[in-house]
Amino acid sequence: MTHTRVISTWTELTRDLAIYLLFTFFAIKVFKFLFSCNRTSEISSFSMATHPEALRRERILNSKLYFDVPLSKVSIIYSSSYDISFMGIEKLHPFDSSKWGRVCKFLVSDGFLEEKAIVEPLEASKIDLLVVHSENYLNSLKSSATVARITEVAPVAFFPNFLVQQKVLYPFRKQVGGTILAAKLATERGWAINIGGGFHHCTAERGGGFCAFADISLCIHFAFLRLRISRVMIIDLDAHQGNGHETDLGDDNRVYILDMYNPEIYPFDYRARRFIDQKVEVMSGTTTDEYLRKLDEALEVASRNFQPELVIYNAGTDILDGDPLGLLKISPDGITSRDEKVFRFAREKNIPLVMLTSGGYMKSSARVIADSIENLSRQGLIQTRPE
């Protein structure tokens, strides 16, 4: 009996030991697997952190800002969310923050555009903005005082930031989405107009001059990767120097910058001027004929020096005679001629063109922009009705 009991006990111990060893074996395997996965993840995260270009690429490829636009829509991008209305304090800045909606209303009422044919963009997300902007810069916009400095509307500093995000920065983010989408539309259809955008004073690290996000820089980085564009020309004809995109892209030989601006007004960014490939300075009081002559010469030089696959045209109307900030004396017809010249420049060379409306600080700017777009339609340079 005792002998049998010993054998039984030994058998149980042997079985328990086998189970223990088997359990330990599998536990070690699982631990090694989990450690390996965690290590791979850490390496991957470290790799992403140490390779910002890889992270930028991932963000661009995963973005939803590019989407297919049906042929029932034309290449004009706008959202009612573009317009900024913030308890009336937006009127403290000379910029007409409702001009974008007024441009579209003119085009519709004049019979050149149907509301249902307008393309509405998506809002640029934080991940989209991080393609160019730093986390620190985007976090700085959580301060209403920072946004007040950028928009040059001091009372904004006293409002809760959630209101500032909704009433000021959200419209800007929608316009950024419009600029980025415009490049895709332009490559598909030859041209696209974002009735907004052109925030050419904002760099990756700093906003200013009513420009909170660097939509031109973002648009170009998206185009490089998603559209396989290798050469982009920026034609910046806003009255002010485009120091934002110059700072961000000036040392990139894939980008050629033609900037025609008044050097006697903001932003006086002498460092950024070094990055301009073709600098055309027009002094305060420059009239229409002289301006258009200089533009013709500039476009001729640009066509000899660079062969772009995409043109970003920053078509500010602050060159208009009477504009309180631009200080130039260009007539409304002069702006129409200017826009037509740039569109013909691109059409003759079969280059897709993106137009952004940028600056313009008079109530009459909306009417002038609409008239110019209508002229482009009459000249057959754009098509404002669906095919």
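Each Cβ is built from the backbone N, Cα and C atoms, and glycine gets one as well.
Look at Swiss-Prot and you will find His201 tagged as active site, proton donor/acceptor, backed by similarity to another entry. Sequence annotations record features per position, and here Swiss-Prot assigns Zn(2+) binding site to Asp238, His240, Asp318 based on similarity to another entry. Annotated region 'Histone deacetylase' per Swiss-Prot: 73-382, in sequence order.
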His240 (Zn(2+) binding site): tally of other CB atoms within 10 A of its CB:
27
Averaging the per-residue pLDDT over the region 'Histone deacetylase' (73-382), what integer do you get?
97
Check: same-chain CB within 8 A of Zn(2+) site center, minus Asp238, His240, Asp318:
His200, Ala239, Tyr261, Asn262, Gly316, Ile319, Leu325, Gly326, Ser358, Gly359, Gly360
Using a 10 Å radius around its CB, how many other CB atoms surround Asp318 (Zn(2+) binding site)?
25
